[in-house]
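So the structure is just underneath, and the comments pick up after that.
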Amino acid sequence: MASSNSHRNGGVGYTSSITSNGTKVITDRQQQQQLFSSLNSINPKSSTTSSSSLKPKSSLRRSSTGSIAGSATAKDESRGVRGRVRVAVRLRPRNAEEAVADADMPDCVELQPELKRLKLRRNNWDSDTFEFDEVLTEFASQKRVYEVVAKPVVEGVLDGYNGTVMAYGQTGTGKTYTLARLGEEDKSARGIMVRALEDILAEISPETDSVSISYLQLYMETIQDLLQPTNDRISIIEDPKTGDVSLPGATLVEIKDQKTFVDLLSLGEAHRFAANTKLNTESSRSHAILMVNVKRSIKGKDSALSVENGNASHAAKILKPPIVRRGKLVIVDLAGSERIDKSGSEGHTLEEAKSINLSLSALGKCINALAENSPHVPVRDSKLTRLLRDSFGGTARTSLIVTIGPSPQHRGETASTIMFGQRAMKVENMLKIKEEFDYKSLSRRLDIQLDKLIAENERQQKTFQDEIQRIASEAQKRIAEVESNCAGALEVNTCMCVEECIRYSKRRQNEKFLVSHLDVFCCWDHVLSNLNSHLIKICFLSTEINEFKKLLQNETLLRRAAEEEISGLRNEVAQWKRLEAAKSSEILKLHKLLEDESQEKAKLEEEIAALQSQLLQLSYEADETRRNLDKGEMAKLSGDLDSLLPQSNHQSSRDFADGASMAKLFEQVGLQKILSLLEADDADVRIHAVKVVANLAAEESNQERIVEAGGLTSLLMLLRSSDDETIQRVAAGAIANLAMSETNQELIVSQGGLELLSTTAANANDPQTLRMVAGAIANLCGNDKLQMKLRGEGGIKALLGMVRCRHPDVLAQVARGIANFAKCESRAFTQGTKMGRSLLIEDGALPWIVQNANNEASPIRRHIELALCHLAQHEVNAKDMITARALWELVRISRDCSRDDIRNLAHKTLTHSPAFQVELRRLRIDYG
Ligand code: ADP
Ligand code: MG
């Protein structure tokens, strides 16, 4: 029966583990769907009443329950809402090549879209099961892929959230097919980029809103503008306050219609192709990034920033800035996830290969850190992770599509793609609306208002002046008229009176002169009354003039008030402008600061790169030196082993570089940094690092610092975890060097080093590795305190086991270990702390000791002779030694050994031991 391993993911909504019992899983799925439906029903955007200032359009139907992205409620808009990264997996159909090559084999995966599960075949009878937010089979249409993967993200962007859609997978699995197909011949084939822009353009209002795009390529940590390919040194700017990331150097094109967008996209593709041809790279190694900025104006009362005050004064209303929402959609077509061959088979140097992988591996590390809730997320390690800082663990709504192929031949890559998707499902974002006051537009509005007021005021002034002039000239005219009328009338009347008088006096001259005098007076009365009425008229006119004057004064007052109001408004505008200027200068300052910092960082990065290359160079030199030494000085070094000193620096003269350059490296790079490289991902770096550490450990003056910095622990870990023969050899050599001091010997044993060395001794075949391991154990054998442990933890057995390798260097180290051990035992006997038979004899060392006591290699022979003498000094061992025919060897040593001290020791032993004396007599050997 097929067994099935289930993997749980930590995502929202998956409340039950998957068991082999299908019913339970289906019940949970139904619950989950209910949860999704309820989430969507409280989404304010799922109804048609849009909160923006636009009239709602019906063309973009809001996504329904089937979508994989969560949604935020209106209440949460200002303070953010949790939103997990949603992950869909898409299987590409078999292509023609696979149809032939894999004809007899089943696909490496089996999809269960209705259960949202994917089974990855381990072999014919076993598979692993994984759950995703959506499982898209090879039959899934581009439309469905857009609707479940990208549409909810696009809707979020229209509502003022940032959004990310990203495709991850091996080259050739359909990332570009999914994201970037233009579908010009076949509309149904349109990819996510084209469909997203269609939805955005259909939803926005051209009078108040705007959409602009940038299209970029990231290759070897360099960002190139795909809309302006000569622009290939674009830098990333981060707002220190908000953390928003922008690329001020990138071309930003405003999009008014779909055709412009499609044209730009195909232009970008052409530039990408040309750039990659020029750099001799494949597009599968670069990341393509489309950024769509959507800016929408909204009415204050619908906004998260609005103040709930209906009675705000008119002035406050005028001065209240409009509100804009800026959603940014980022669509990322990642480089192929397959590992680039480190040997540089694509024609890259090692450095290039590292740089090509940098962004993708940094992304993987960030996602791991976020998935594990690690306190440090290495966002700043690469440009890609800096660009996507809002997408993972930020405020954006993020949807990831992982693409896989069916071929069993790529099972490994497919498995790692699936695991990437599974980890990404654990990443939580905190969705936040991007809304702000539009001060610029307020300033523009006030400017227009001010212009209007000034024009109105000027118009009023002009009318007023005209009116005054008209009134004044009319008054003048009327005064002149009245004056001329009066003068005329006076003249006429006077003439008439004079004539009348003359006529009258003539007529009455003679007879009624006296009487007629009275009549003349009457006549004068009449003239005077006439004159009076004219004077009244004149008075009336002058009051009218006075009234006009008053009117004029009033108008002047009004004008002054209007002028004061204008100057008040002018002041306000000036204040706004000052405020704006202060802000822009602050922004400029911050930009400058950022630039300085990024320059500083670039400098530091260069320094690090230089130091790393120095490190590589030094370890290369170390290799060279070792090779030379191996070739030329082998014989000399073997000779050196003759020395009986147990703590000679054999390893330091082999394997590694000269001390001067090491000391230089030590100072320049720093011990901590070198030790950290022992855990590097790159095996080459690890090898170089362990060689450098071994070199340093060969100097006695460095040993204490290495151990204090945790170097011993790292070396033991490396020996435990690595299968690499070089690493094992060099690490064992370094441990052997550190094992020269008594304190370190105890540390090694307390950290399980003895067991580790024994395991390595049993498994290794390389004579040089065995020599290092035997050397390390031999050093431990010289420590009085470790005797019992060495025996108990199999150290002696391990030492003896290594004689299977007949290399004289290995045998010499084994012999030295045995001699050290025997010497310690002998001391313990003398001090009375040991009573019983030698542990060496108990562990069966005696036959090998006797067999090699006269070995032709002098280092082996000397050590064994010494060991025999130590063993023979104690009567408890005598019987075993006689049985093993060690007596003959002792006799030989006491006669032939070229070293006086050993010869004398053997002689003394033979003459003092009663058991030996008895045996010698029995054999009739005359020994006195
Ligand atoms: P990637 O970008 O991951 O390297 P591509 O998108 O270039 O992969 O796809 C590789 C090939 O597979 C292309 O020829 C593409 O047309 C085809 N292909 C990918 N996905 C599908 C699919 N879902 N249906 C049909 N053909 C596909
Ligand atoms: Mg591609």
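First residue shown is number 1, and so on along the chain.
Heads up, the Cβ atoms here are built off N, Cα and C, so glycines get one too.
Note that the structure is a prediction, hence the values are computed from the model and not measured.
Listed in TrEMBL:
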type	residues	note
REGION	1-81	region 'Disordered'
COMPBIAS	1-24	compositional bias 'Polar residues'
COMPBIAS	44-73	compositional bias 'Low complexity'
DOMAIN	84-427	domain 'Kinesin motor'
BINDING	Gly169, Gln170, Thr171, Gly172, Thr173, Gly174, Lys175, Thr176	ATP binding site
COILED	443-485	coiled coil
COILED	545-628	coiled coil
REPEAT	669-711	repeat 'ARM'
REPEAT	710-753	repeat 'ARM'
Helix, strand and coil totals (DSSP H, G, I; E, B; other) for the repeat 'ARM' (710-753): 35 helix, 0 strand, 9 coil
Neighbourhood of ligand 1 - binding-site residues from Gln170, Gly172, Gly174, Thr176 with Cβ under 6 Å: Gly172, Gly174, Thr176
Sequence-ordered binding-site residues from Gly169, Gln170, Thr173, Lys175, Thr176 with Cβ under 6 Å of an atom of ligand 2: Lys175, Thr176
Intrachain C-beta neighbours of Gly172 (ATP binding site), sequence separation six or more, cut-off 8 angstroms: Arg92, Ser284, Gly336, Gly405
Other CB atoms, at most 10 A from the CB of Thr171 (ATP binding site): 17
Among Gln170, Thr173, Thr176, which are binding-site residues, the residue with the most C-beta atoms within 10 angstroms of its C-beta: Thr173
Same chain, 6+ residues apart, C-beta under 8 Å of the C-beta of Gly169 (ATP binding site), given in sequence order: Lys175, Leu334, Gly336, Ser337, Val402, Thr403, Ile404, Thr417
Same chain, 6+ residues apart, C-beta under 8 Å of the C-beta of Gly174 (ATP binding site), given in sequence order: Arg90, Arg92, Thr403
ATP site, defined by Gly169, Gln170, Thr171, Gly172, Thr173, Gly174, Lys175, Thr176: further same-chain residues with Cβ within 8 Å of the Cβ centre: Arg92, Ala167, Tyr177, Ser284, Gly336, Thr403, Gly405
Neighbour count (Cβ, 10 Å) for Lys175 (ATP binding site): 28
